[in-house]
């Protein structure tokens, strides 16, 4: 499925390739950042903790917030780089290739928080050892969103940092110098390899079913169970 984690790599790789294309114009920067955050918004929505219903307005709020932040940061960084006269054309091109990372990382955090903001106000279910719901906790929701946001910062690191470094070396090879049409296919394969490395690495940082000490939760939840450790679904 396109918006489940199993479909994240095949559906996300073309977007990553577009984000890392050299010599981006203002229009192409806006387009690829918009497409990336549109995909991420759907992924965050489909992989959230669904123990509480989320209204469509929250989805729209997260979508608009993430797209706005990504486009603003990416365009702003590009303008600053173009005005940096002390950079040589080669250095400027290399730096421009790294612009997507801070834009995407900050927008990913924004996307997660805004898409799942209702969990912070309403809380998420916490479970005991037998899998029974003990109560609804806003503290657990904060932990869930923090963990998910951290994975969204780690995820684009290998994807948006490694390919520019690798391609800077590969493009100097004689075969790619002679056959410039091979640059895009090679670039796509490098992005696919980086994506395949980054996704399991980011997801494995925190388990989907996370645990929390009952003493960290609300008093009413601590009083409702004899378990010392409770479990919550942080989402992916």
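Cβ atoms are placed via backbone N, Cα and C, with glycine included.
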93-114, 115-136 - the range that TrEMBL marks as transmembrane segment: 93-114
Which stretch does TrEMBL mark as transmembrane segment, out of 27-44, 153-170? 153-170
So which residues does the transmembrane segment (153-170) touch in its own chain, when a touch means Cβ under 8 Å and the partner is 6 or more beyond its ends? 16, 19-20, 94, 97-98, 100-101, 104-105, 108-109, 176, 183, 186-187, 190-191, 194-195, 197-199, 201-202, 205
